[in-house]
Amino acid sequence: CYFQNCPRGGKRALSDTELRQCLPCGPGGQGRCFGPSICCADALGCFVGTAEALRCQEENYLPSPCQSGQKPCGSGGRCAANGVCCNDESCVIEPECREEFHRPVRAGDRSNVTQLDGPAGALLLRLMQLAGAPEPQPAAPGGY
């Protein structure tokens, strides 16, 4: 089970030293489960509710508690990927999780960045810009 959702007095009563890493998940088993539908990998980011996270449902049936991530963050979460904090239910952008994942990028490293080159990358960049942009003001009548 995931440490955050284990029953009190049962698995959750065990000390932190008895926690194991949650199941591996994602492409090539590079990630770790953070919740029943959340799989995060340092170099790939987090997959929420996707096929990459399906294996994470198995964790609910395992008898011993697990915990992924190193540094605590947010509301009962742990740093899961560069700038991302996850608990067993959701993930949020968390600046304090950025420093933990700084590593040099090598030419042979595979990451989502290379998969988003071209039109897909341009679309994602535009969506991110729109999400961070202030609400547009209505145009004045007749003034274009």
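Glycine residues also receive a Cβ, built from the backbone N, Cα and C atoms like all the rest.
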Quiz item: CYS73, CYS91: which one closes the disulfide with CYS85 in Swiss-Prot?
Solution: CYS73
Self-check item: Disulphide bridge to CYS79 as given by Swiss-Prot, partner from CYS66, CYS91, CYS97
Solution: CYS97
Quiz item: Which residue among GLY9, GLY31, GLY69, GLY108 does Swiss-Prot mark as glycine amide?
Solution: GLY9
Quiz item: For CYS97 (disulfide bond), what is the tally of other C-beta atoms lying within 10 angstroms of its C-beta?
Solution: 24
Quiz prompt | Secondary structure of CYS56 (disulfide bond) (DSSP, helix/strand/coil) | solution = helix
